[in-house]
Amino acid sequence: MSGEVLFEIKLHGFLLWASVGFLMPVSILVKRIDTYLFFSNVISVLVATAATVMSIKYFDNSFNNDHQRIGLAFYAIMWFQAFLGIFRPHRGSKGRSIWYIFHWLMGIALSLLGVINIYTGLQAYHKRTSNNVRIWTLVFTVQISLVFFVYIVQEKWHYIKKQRDVIGNKTVQPTDQEMSPNYQQHKEVSSEPC
């Protein structure tokens, strides 16, 4: 394998890691800050498109392996998702809820395909070059795990903060009604004479 082809493979991998492995997860984490979300999504799509152009220009596109097939599906969903984002209904309009659910599901599919394809790309690189990819696989796994952990904490942060809230200097104690949903029925039953 020539040095030029090896460079193109590494650049393709780096661009897709930057887009799918870094920018897309960051976009998910900053989803509540609309301005940054838009820019990180646009940059992510542009970087992934550059990697797509590279793969079309420099590599054999016979689609005879999982990495290429998943990559093709990824690119199609990525651009479909981009068009969904561009042509979204306004907030409060009739189709916004359906659009949101569909956009969200497509985003999940896109993220999963991207992560899976990074792993299949590392395996394809190993198969083609015989270079060890264990360290890169481990580093990427740690990175994705950290992103997932931050996402879960971010998703539950409001609930976590609420758990430490107190009224004045007293902690909140559950009432009998909160502890037992059948409190009123139990009270009525026990007050009747035998």
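In case you wondered, yes, glycine gets a Cβ from its N, Cα and C as well.
Here's what TrEMBL has on this protein:
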DOMAIN    1-161  domain 'Cytochrome b561'
TRANSMEM  12-30  transmembrane segment
TRANSMEM  37-58  transmembrane segment
TRANSMEM  70-87  transmembrane segment
TRANSMEM  99-121  transmembrane segment
TRANSMEM  133-153  transmembrane segment
COMPBIAS  173-184  compositional bias 'Polar residues'
REGION    173-194  region 'Disordered'
COMPBIAS  185-194  compositional bias 'Basic and acidic residues'
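Predicted-model confidence for the domain 'Cytochrome b561' (1-161) is 87, expressed as mean pLDDT.
Tertiary proximity for the transmembrane segment (12-30) is limited to same-chain residues at least six positions away from its ends with a CB under 8 Å from its CB atoms, namely 36-37, 40-41, 43-45, 47-48, 50-51, 54-55, 58-59, 74, 107, 110-111, 114-115, 117-118, 121-122, 125, 140, 143-144, 147, 150-151, 154. Same-chain residues lying 6 or more positions outside the transmembrane segment (70-87) and placing a CB less than 8 Å from one of its CB atoms are 20, 41, 45, 48, 52, 55, 63, 99, 102-103, 106-107, 109-110, 113-114, 116-117, 120-121. Below 8 angstroms of C-beta separation, residues 5, 8, 11-12, 15-16, 18-20, 23-24, 26-27, 30-31, 71, 74-75, 78-79, 82, 85 of the same chain, each at least six residues beyond the ends of the transmembrane segment (37-58), sit close to that stretch.
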